Amino acid sequence: MTNIRKSHPLMKIVNNAFIDLPAPSNISSWWNFGSLLGICLIIQILTGLFLAMHYTSDTMTAFSSVTHICRDVNYGWIIRYMHANGASMFFICLFMHVGRGLYYGSYTFLETWNIGVILLFTVMATAFMGYVLPWGQMSFWGATVITNLLSAIPYIGTNLVEWIWGGFSVDKATLTRFFAFHFILPFIIAALAMVHLLFLHETGSNNPTGITSDMDKIPFHPYYTIKDILGVLLLILVLMTLVLFTPDLLGDPDNYTPANPLNTPPHIKPEWYFLFAYAILRSIPNKLGGVLALVLSILILIFMPLLHTSKQRSMMFRPLSQCLFWILVADLLTLTWIGGQPVEHPYIIIGQLASIMYFLLILVMMPVASMVENNLLKW
């Protein structure tokens, strides 16, 4: 008799994806972040669902409903902080996951990579709208500044912004629709993640060498299930340390002040995970130019397969490319730091140099380094 997990229509799908899946024998801990992202998404959906039971998306009561969750709802404070810091963990895993893809050339799986970039945009949109919901000062002004960027689009810009706002400023209509979108998008993300996995399982996983591993596969269970469980335990350890010891470490104190359209905070800035893109936006003195650079800073990932000039897939055996990759990481950390600083000397020039460096590294230096390596290896 066939095992039920191999014959049952539903169990068969789970079996082929998580149990009998042939996986390369040499994938490192950098391959753990996919499963961690899945866990993050589940945590966010569950905590978000419980928050939505007590939250009201009205400008008059939104701020006090969040206060009510923290003070009066049973374990409301832990649910709220798990959701807020869960977003930070989500983005840490996302950046690691994308970085792994860049380093080991995983972007050569075109469909998987493109769905991944769409997922990245969707998660960023969800996080942005979620930040608006508590209706604190930074929520309101962040929403005002970021939505206003669309007014840089020629001809239709102003109409588009007012259409998104549902009025002539960020107000009740904006908050209600942001809540609606923030609620529905995670389920769309979950569906996209399924498609992401579907395409991945068509080709099988990449591995650190970038060489085909068809002749050396091992079953996903028990080897990688146990490895993923270790990753999940470490993720929960870090998340709960944040939540229970320093829940406001990554937040902005301004968001504990209720939104006031008549009073602008001295430094408007988004959450830490958007600071690198915000720094690129601010480094260009022209509004439309800044918006284009902001979009391109993420959209550039789509073009990675076209910019791959090396005869090797992975960077494992390419010291020049490795060096440039880590310079890119340092550059992104610099941009993140600059994004949180006020617009004054010397931060302006540092931000501009780091922004130029970001695009130069990806568009020019890394493809050239790959060609140099090809020549050095006489390929």
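Note that Cβ sites are derived from N, Cα and C of the backbone, with glycine treated the same way.
Residues or ranges marked as transmembrane segment by Swiss-Prot on the basis of similarity to another entry: 33-53, 77-98, 113-133, 178-198, 226-246, 288-308, 320-340, 347-367. The heme b b562 binding site annotation in Swiss-Prot covers His83, His182. Per Swiss-Prot, the feature heme b b566 binding site maps to His97, His196; the stated evidence is similarity to another entry. Summarising the annotation, Swiss-Prot assigns ubiquinone binding site to His201.
Structure coloured by features recorded in Swiss-Prot.
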residue: His83; record: heme b b562 binding site; Cβ within 10 Å: 21
residue: His97; record: heme b b566 binding site; Cβ within 10 Å: 20
residue: His182; record: heme b b562 binding site; Cβ within 10 Å: 21
residue: His196; record: heme b b566 binding site; Cβ within 10 Å: 21
residue: His201; record: ubiquinone binding site; Cβ within 10 Å: 14
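DSSP gives His182 (heme b b562 binding site) a helix state. Long-range neighbours of the transmembrane segment (178-198) within the same chain, counting only residues 6 or more positions beyond its ends whose Cβ lies under 8 Å from a Cβ of the stretch, are 17, 37-38, 41, 44-45, 48, 52, 55, 57, 112, 115-116, 118-119, 122-123, 125-126, 129-130, 132-133, 143. Here the transmembrane segment (113-133) sits against the transmembrane segment (288-308); at least 3 CB pairs are under 8 Å, leaving out pairs fewer than 6 apart in sequence. When the alpha carbons of His83 (heme b b562 binding site) and His97 (heme b b566 binding site) are compared, the span between them is 20 angstrom. Rounded to a whole number, the distance between the Cα atoms of His201 (ubiquinone binding site) and His182 (heme b b562 binding site) is 29 Å.
Ranked by number of Cβ pairs under 8 Å to the transmembrane segment (288-308), the listed stretches 33-53, 77-98, 226-246, 320-340, 347-367 are led by 347-367.
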